[in-house]
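Pulled from TrEMBL, these are the features on record:
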type	residues	note
SIGNAL	1-22	signal peptide
TRANSMEM	110-132	transmembrane segment
TRANSMEM	144-161	transmembrane segment
TRANSMEM	173-197	transmembrane segment
TRANSMEM	225-247	transmembrane segment
TRANSMEM	321-339	transmembrane segment
TRANSMEM	346-368	transmembrane segment
TRANSMEM	388-406	transmembrane segment
TRANSMEM	432-452	transmembrane segment
TRANSMEM	458-481	transmembrane segment
Amino acid sequence: MDTWSLLSICVLLGLTTRWAVSLNSYSGAGKPPMFGDYEAQRHWQEITYNLPVHEWYFNTTDNNLNYWGLDYPPLTAYHSLLCGHVASLINPDWVELHTSQGFESSAHKLFMRATVLIADLLMYVPAVVLYCFYLSEGSNRKKVCLVLCILLYPGLILIDYGHFQYNSISLGLALWGVLGLGLGWDMLGSLAFVLAVNYKQMELYHSLPFFCYLLGKCFKQGMGLCINGNFIAVTVLVTFTLCWLPFLTDPGQVLQVLHRLFPVGRGLFEDKVANTWCSLNVLIKIKTILSTDTQLYLSLAATLLAALPSSIKLLTKPTLWQFKLALVNSSLAFFLFSFQVHEKSILLPALPVCLLLGDLPLPAVWFLQASTFSMLPLFLKDGLFVPYAVTSSAFVFYSVYLLSALEHSSEEELQLKSLSLLPFLSQSPGQFYLSVAAMAGLSFMSVALAPPARLPDLFPLLVSVFSFLHFLGLLLYFNVVQIAEPPSPRRKNPKKTE
């Protein structure tokens, strides 16, 4: 079978998996008064379609911000407006102001699921295919296998098609940014990344590597590229201006949008997220003993310190390999240490880890499985245990088999040969299987067993802390790999993008 036939089958399998998951329940289905994220996305279509732009982010009689108020950047609002217009053409009841709240019907569910699939097809899937064929090494067959494994990553599928969001748009735009920079099209890459940030503010997790990579190239190649850097700066400013143009006529509008995007009042973390502060809160009640301002400054300092070594390394050695590792290390540092982190934010470091599946398959598969497992309490709340179990099992099987992950686990291939003094970073097939078995055990215990009456959050907390330990260990590992500076282990003659 030729390459394009195999690729078509793999893409079709990825899309079929997505649609199959979408046939299950979704966040807040039939659960008034707030319902869930599905209703949030529908409500934003209602608000943007019916109200003038200057009311989108303000609390008014027609826009109750306590009922799924818009809290993403303008590009998300414009996307909601576009979907709202299409929805109104099909059935105006779907976006009727006030009366459509909590609207649920089979036709509307089909429409909403279709909007996610179309976004995936337009933004994410093409970027994945192009990355695998133009920025990864190996035979065409290996590249096709890499496409399949990335498209089968269960975390993104379950959140976008089960829980219901449009993460494939922001992640797809970020991946287009990586493609642009990797192929030497820095202005186009910068444009794509700015659009990603203006769709979801959490894309700031990736901002330091983009900035350091471009600045490092400017320093290394001298004045000629610095002139190019000026064009990049203009591109960034013009793109931001165009995205925010309807709000720039009034400073109050800008401040209100920023207030909605960065809600400090929500606290250090929500629910049982698998990051440092939630895990540490088991022993030290940080949210109780520290003021909000202190929590904010502490998390900011910890995040910058955790991301600093990776950023400095990228600044001094701006290659594509360093860039991919820095994306992992920066976004994971933000997830583990920053302020107001949601469990779904683990998708931000998961994207660049997907890009390492062909280079470091064992740690990449391990991280991606742990990232999906870390969101288990959310999946259980949404009635997605069966899709979670099936997609996770399929991902581990296909990734381990197709990428030969367990066969590439020597110290040399994990880039730890010269780091024998750090045995805690070692990763063996036995450890991997033990970890996956523990995740499976905790998953089934969370479903089958009732927690003690005194500890109603026992299982979500165990999932959170167990996942956090994986993320912390892998953050150390990826930092060591980046700073130790060996080339990609699966490449004999790695190409540099200076």
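A Cβ is built for glycine as well, from the same backbone N, Cα and C atoms used for every other residue.
In summary, the transmembrane segment (144-161) does not lie against the transmembrane segment (321-339): fewer than three C-beta pairs, each 6 or more positions apart in sequence, are under 8 Å. Residues 17, 21, 145-146, 148-149, 152-154, 157-158, 357-358, 361-362, 364-365, 368-369, 372-373, 376, 379, 429, 432, 436, 443 of the same chain lie 6+ residues outside the transmembrane segment (388-406) yet bring a C-beta within less than 8 angstroms of a C-beta in it. Nonlocal intrachain contacts for the transmembrane segment (321-339), taken as residues 6+ away from its ends with a CB within less than 8 angstroms of a stretch CB, comprise 178, 181-182, 204-209, 212-213, 264, 268, 275-277, 295-296, 299-300, 302-303, 306-307, 309-311, 313-314, 345-346, 348-349, 351-353, 355-356, 359, 468, 471-472, 474-475, 478-479, 481-482, 487-488, 494, 496-497. Listed by sequence, the residues of this chain that lie at least six past the ends of the signal peptide (1-22) yet keep a Cβ under 8 A from its Cβ atoms are 113, 116-117, 120-121, 125, 129, 140-141, 144-145, 147-148, 151-152, 157-158, 160-162, 384, 387, 391, 394.
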